[in-house]
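Below is one structure, written out as structure tokens; the observations come after it.
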Amino acid sequence: MKAFLGALEFQENEYEELKELYESLKTKQKPHTLFISCVDSRVVPNLITGTKPGELYVICNMGNVNPPKTSYKESLSTIASIEYAIAHVGVQNLIICGHSDCGACGSVHLIHDETTKAKTPYIANWIQFLEPVKEELKNHPQFSNHFAKRSWLTERLNARLQLNNLLSYDFIQEKASKNELKIFGWHYIIETGRIYNYNFESHFFEPIGETIKQRKSHENF
């Protein structure tokens with residue numbers, strides 16, 4: 001089994017290369033960023049951010065969903081983990097990372113009949129959190145039946161929805177308003193490796209390099 005062989009390789013070689021780092025993490029962690037992404041196997045947070053163990057606090061679920069405050073009881077695990085990262089671990093940044101070819105977002109365009117819901121009731125219940133995206137798409141000026149364009153738009157609207165959902169929580173809004181927590185929305189394109197960041201002022205997703213240039217010009221980034 002590949003996972004077992006990989007674990008052995010890690011123990012005998014890769015661990016040794018970062019032994020001092022792992023030893024320093026024995027009794028503490030101080031990640032700088034809370035990274036919320038999809039469970040998709042093609043999205044590897046530490047790989048796409050170039051970070052080492054101890055730098056990211058990662059939460060993954062189907063569709064990188066953050067239920068709004070009005071529905072928090074339906075996803076206690078997610079919001080409890082977010083609260084822990086912010087209130088106790090003290091992360092300084094929060095990134096919502098959507099991605100291309102997202103199955104959860106793609107399901108927005110499918111007809112969910114009762115038979116399908118009966119076969120996978122837990123998935124059907126979770127996907128309901130994406131209903132606002134479906135409604136927004138109906139009259140969106142950029143909506144297209146072209147599969148790739150439609151997928152990207154859906155994924156980006158979902159990332160924006162999840163950002164808004166996060167800000168419905170007082171403890172997150174308070175940290176953000178004091179500039180103690182910086183919040184970002186990403187759209188990662190699997191086949192090209194490109195990452196786009198949501199611009200809260202223009203309401204568009206821009207190449208991540210543009211975001212870095214803008215922030216470097218007026219703050220320590």
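Along the chain as shown, residues are numbered 1 onward.
Just so it is clear, glycine is given a Cβ too, placed from its N, Cα and C backbone atoms.
Feature list (source: Swiss-Prot):
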BINDING   Cys38, Asp40, His99, Cys102  Zn(2+) binding site
CB-centroid shell, 8 A cutoff, Zn(2+) site Cys38, Asp40, His99, Cys102, site residues removed: Ser37, Val39, Arg42, Val43, Gly63, Asn64, Gly98, Ser100, Asp101, Gly103, Ala104, Cys105, Glu155, Tyr188
Listed binding-site residues (Cys38, Cys102), ranked by Cβ neighbours within 10 Å, top entry: Cys102
Under 8 Å by Cβ from Asp40 (Zn(2+) binding site), counting only residues of that chain that are 6 or more apart: His99, Cys102, Gly103
